[in-house]
């Protein structure tokens with residue numbers, strides 16, 4: 001059910017300290033997962049904080065009778081696609097986040113119509129639409145008008161993450177698809193890399209997430225790319241102020257001058273295909289590609305989390321990333337009669 005919930009910063013800190021000392025397991029529900037599920041008991045990372053309330057209408061076994069092959073079909077398609085093109089992994093994670101950013105995960109970003117979110121400036125470089133539609137087509141053959149596009153996108157983002165080394169986490173299903181998609185809302189709500197830490201914290205808290213989630217989910221930038229168009233604005237000023245490493249700024253200037261606005265730059269230039277904590281180590285060296293990333297090191301509300309992720313083993317980051325992705329997947333969702341199950345993800349019912 002779509003209900004905003006604020007999360008206390010003090011609880012965020014205590015939760016993060018708890019997570020750093022917890023056993024390494026990201027399975028949040030003890031069921032509903034595929035063959036990669038490595039644990040049956042809730043402990044450590046599996047413990048749901050007291051302030052997290054279950055979402056009405058979401059269940060681990062939601063499709064156990066109506067479409068028992070749902071997870072296997074999604075996972076098989078995603079792993080095949082990522083195996084052919086590694087860059088689809090970060091693209092699917094990003095597509096999922098963009099959908100979440102506009103009124104929660106309701107598959108509204110998938111709608112292909114003039115004036116929809118897909119045509120917003122914020123969506124210009126999104127990828128993965130065809131893969132999600134292909135999965136939907138296969139599921140319609142197996143289980144007609146049963147599996148929502150929102151659930152498909154959620155599972156695809158999980159499977160894209162695990163395909164590049166993030167620990168498996170189980171999901172609960174039952175999300176419904178939205179009945180509208182507006183271009184202006186995507187441009188209004190989706191963070192684009194220039195926001196202040198205050199704005200980002202407010203955005204996450206308005207969706208029931210916390211500062212730990214903000215810092216951990218930003219770590220998705222350990223893989224993937226950004227265009228020079230999003231990197232160049234303010235780069236000279238960032239260099240002059242010392243907000244970015246001078247040599248790194250010079251490298252970006254040269255690369256973008258040669259390739260133009262459409263040139264891609266790796267978000268993590270050192271280990272761009274490894275889902276590790278190098279992103280945080282780069283921030284410690286002033287090598288954050290996006291201004292909003294580097295600002296997290298400069299703000300006391302987020303800097304200690306950045307430092308902790310940089311100095312701990314990569315596994316501590318990846319487990320928290322999995323936990324935060326699971327929390328994100330249940331934020332502001334539509335369930336029951338609040339939405340619909342589309343027959344095609346790209347077409348509104």
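The chain as shown is numbered from 1 upward.
Every residue gets a Cβ built from N, Cα and C, even glycine.
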Further binder of Ca(2+) 2 named by TrEMBL next to 268, 271, 276, taken from the candidates 222, 227, 302, 307: 222
For residue 221 (heme b binding site), the one of 108, 117, 228, 256, 271 that lies nearest, given that the recorded positions are compared by Cα: 271
Most crowded position, judged by CB atoms within 10 A, among 67, 143, 149, 228, 256 as disulfide-bonded residues: 149
Candidate binding-site residues 99, 102, 222, pick with smallest Cα gap to residue 345 (disulfide bond): 99
Of the recorded positions listed as 149, 222, 271, the one whose CA lies nearest the CA of residue 117 (Ca(2+) 1 binding site): 149
Distance from residue 268 (Ca(2+) 2 binding site) back to residue 256 (disulfide bond), taken between C-alpha atoms, in Å: 16
